[in-house]
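Peer 1: Here's the feature list from TrEMBL:
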- LYS87: ATP binding site (BINDING)
- 345-358: compositional bias 'Low complexity' (COMPBIAS)
- 58-315: domain 'Protein kinase' (DOMAIN)
- 14-39: region 'Disordered' (REGION)
- 338-367: region 'Disordered' (REGION)
Amino acid sequence: LVCVLSKVSPETRTWDQRANPCPGAPTTGRTEPPSEPPRRARVAKYRAKFDPRVTAKYDIKALIGRGSFSRVVRVEHRATRQPYAIKMIETKYREGREVCESELRVLRRVRHANIIQLVEVFETQERVYMVMELATGGELFDRIIAKGSFTERDATRVLQMVLDGVRYLHALGITHRDLKPENLLYYHPGTDSKIIITDFGLASARKKGDDCLMKTTCGTPEYIAPEVLVRKPYTNSVDMWALGVIAYILLSGTMPFEDDNRTRLYRQILRGKYSYSGEPWPSVSNLAKDFIDRLLTVDPGARMTALQALRHPWVVSMAASSSMKNLHRSISQNLLKRASSRCQSTKSAQSTRSSRSTRSNKSRRVRERELRELNLRYQQQYNG
């Protein structure tokens, strides 16, 4: 069972799982580096950092995620035995405090079936403990690889849930700003599990009447919208661009924009040029491609909103008029091929832990300084 939850934002996660972290790469047969202390010792170490109010109510079970300023543990409510996740953030550091404030601003306002739910919060002078739902069904693309079949109908069911969550967020003035596959989790391992949106560390929450334009440079390179790259004020349409990228991957197992060189990657995104070549695209319907095209539009004003995307014929009809061919083999092969390629290019086990098919760690965050030269070169062209 893979236990995952709202990602420790914005740093890399460490997973509480026993699977080979790099699909397609040889395994050493070792689940942990020999230098790491036993799990029990690690749990005891982090249990000591928890406020007595927390440990009086929750039993600390396992460390399942960590970042520079935060730790995430799986816990069990002592009275009900209900499992939860607790995210402990060190707020004495500015970055940790900013991430914490951002997440709490959002999570305290939202109540939706497809969004991770905050249960309660404990605060001290140096730490904040956020008790949240525990999603145990794994990441979206891990589930696809494990399934025996995957069709356009399956894809639309996934996208309906994600789009409904995004529509709800946008209606509240909340922009996620870091939508990507690893932030879309299955609530439980069952086939009827819902998808939930997690990780609101980069989210922007505005009240009605506030300026809806945002300026902060943030996100993950492969999913970032063109208007952010050229450092223009942007709206919640950046989330819709990211959903276009996710939809493309969902139907093919490949990325629409990809290059190890970030400058070349950003140029691809600014041009908005991608193709439908290779498997399984010949088997994908034109209606599905139209859905993607209406999201991967360089002009943010021409992009579909979440509500418009929910009303797109491909989504509304549950792909009734689309190809029902099984795309699973091509998608899973493409995902595994990409994961294997990334693992082979890394130089240590530490670096491969987060190099799965579509995952990006902190080193893959877009940075302001990266965009300065790019902006000088492309601003005039982008403005037309």
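Just so you know, the numbers here start at 1 and follow the chain as drawn.
Cβ coordinates come from backbone N, Cα and C, glycine included.
Automatic prediction, not curation, is the source of TrEMBL annotations.
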Peer 1: Once the chains shown are all counted, how many other Cβ atoms turn up within 10 Å of the Cβ of the residue listed as 'ATP binding site'?
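Peer 2: Other Cβ atoms found within 10 Å: 26.
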Peer 1: Could you tell me the mean pLDDT the prediction assigns to the domain 'Protein kinase' (58-315)?
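Peer 2: It averages 92.
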